[in-house]
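> Supplied in structure tokens, the structure appears directly below.
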Amino acid sequence: MNIKNYTIEELEELSQKIRQRILEVVSKNGGHLSSTLGAVELIVSMHYVFDVEKDPFIFDVSHQAYAHKLLTDRWEQFDTLRQFGGISGYTKPKESPYDYWVAGHSSTSISLAVGAAKAIALKNEDRVPVVLIGDGAMSAGMVYEALNELGDRKYPVVIILNDNEMSIAKPIGAVSKYLSQKMASPFYQNMKKRTEQLLKHLPESATYIAKRMEESLKLITPGILFEELGIDYIGPIDGHDLKVLIETLTIAKQMNRPVIIHAQTLKGKGYKIAEGYYEHWHGVGPFDISTGESLKKSTKPSATSIFSKKLYDLAKEDETVVGVTAAMPSGTGLKPLIEDFGDRFWDVGIAEQHAVTSMGPLAKEGFKPFVAIYSTFLQRGYDQVIHDIALMDVGVAFAIDRAGIVGEDGETHQGAFDVSYLRPIPNMHLFAPRDPKTLEYAVEFAKDFDRPCAFRYPRGSFILDDEFEAKPFELGKAELLVESEGDVLFVGYGNGVGRAYETMKHIDEPVSLLDLRFVKPLDVELLQELSKRYRQWFVFSDSAKLGGVASALLELELPVEIVTFEYEDQFIPHGKVIDVEKALGLLPQQLAKRVKSFI
């Protein structure tokens, strides 16, 4: 959609149409709502000032990029948002040439912009990378690694900082507003450049006084950090005022050096029910637009809620129980613990590396730390797991939420890899509950275990409820749940036990069922015994095949045939969990058919 010739009034009208379209679709499909509604004018102004055909548009996380999709030939397709086979909830180059880069995880955008700027410079092209990044992403160290190089090399990159939670200092009255306007003007930029040149030629004493005056002036604006890094700062400005945004972006584009534009926006803008309620409306399922009430009522407790309640009870009884989350207090279930035990449970922001490492000394000092984290985000702290936890062999427990297929968030969020990347780490112990009660036992085991460990559980509810009697975890011990006379053994791990059990219902042959419980260390004694009784083993685990559960079993070199139904070597697409599982051939009826082809 070419909006270059639109008037301000037409752009404002377009922004409202975009908001309405977003609200209409997200209320049906679910998705990221509040930040998306708040970023509409920012994205409209980006498309007005920059050339999406040639300038790299880079969205951090990109969950707020729905307006960008609507402006780039996906208005009609938008009905399929986050649906299987439809458009992604994040930027995706395979979906559109206007999506410069894949995104989904936080704080990568400025590094990408630096890389793009280097390529543009080497090719001697007239293009400008433009970044949209939220204030929450500014808590991650990678941002400052990128800013450090950007400020040194002075590549022309325009960064729009979308401050939608007031986490960066608020503007200080009329003076700050005045400075924000003046700092964006060509006059101010020219005077600043001349002043810098003048300072170089002043005597040392005069330079000192002048610099002190300059720093005093900076202190009344929030931009001193960026200025010290060598990046020009403009703002704060109103992120919903299209006239101001367009004027500011136009100036920034012409500056030919790195600049950060600090724009303040309101989350949920245009939908009164969501305005100001930051976390609740961040990511939502289908809801009634008129009331804001959710349309999906879960009948089973989620694994997250079970973990949260159990950890809360343990923390109430034992003051040595502590925990951390990286910007996901609600998603991981730590929110009530942070609220009631604020001196022992922390949200450190989008800082997975710091979250992991900071728990190590607590374990050494006699506390029992839990790192509550999504499978996909633990990847961001992997070196710290090895270097700072496993190498020290301290009792940090990793509660890995969203293990397996998570659904509509797609490739960047599926929890497929944790078994594969944690299993090779010396001193690490891996186990998984199969149902709500064994999840409670998993938390208890982790609390009392004094070495590094990790347990995984799914998004939403378990497949199993209470079909089998639950027993506490014992280190390295598996459990034979169903014993039959046949020579077929189903080996389940975590939620895979439920998948195996449901598959058994579609098979007439006698089948035995083993809950592996621990994938590291394995119950070698029991597995060796079972290898004498069962010739064919079928592995069920919501994890990657490469380096996964079946790989661990194969390493034992048992005299059995092993077939695994773990995830193949691919990135798993977005869509409702049941639709994705069907596409992968993982529904019970499909699995039963595959099993029958072997036995």
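Including glycine, each Cβ sits where the backbone N, Cα and C put it.
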> Besides His63, Gly104, His105, Ser106, Gly136, Ala137, Asn164, Tyr271, which of Glu352, Glu365, Glu440 does Swiss-Prot list for that thiamine diphosphate site?
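Within the candidate list, Swiss-Prot flags Glu352.
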> Can you grab the distance from Asp135 (Mg(2+) binding site) over to His105 (thiamine diphosphate binding site)? Cα atoms, rounded to a whole Å.
14
> Find, among the binding-site residues listed as Asp135, Glu352, the one whose Cβ has the highest number of other Cβ atoms within 10 Å in the structure shown.
Glu352
> Among all the protein chains here, how many other CB atoms are within 10 A of the CB of His63 (thiamine diphosphate binding site)?
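The answer is 23.
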> Using all protein chains in view, find how many other C-beta atoms are within 10 Å of the C-beta of Asn164 (thiamine diphosphate binding site).
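A count of 25.
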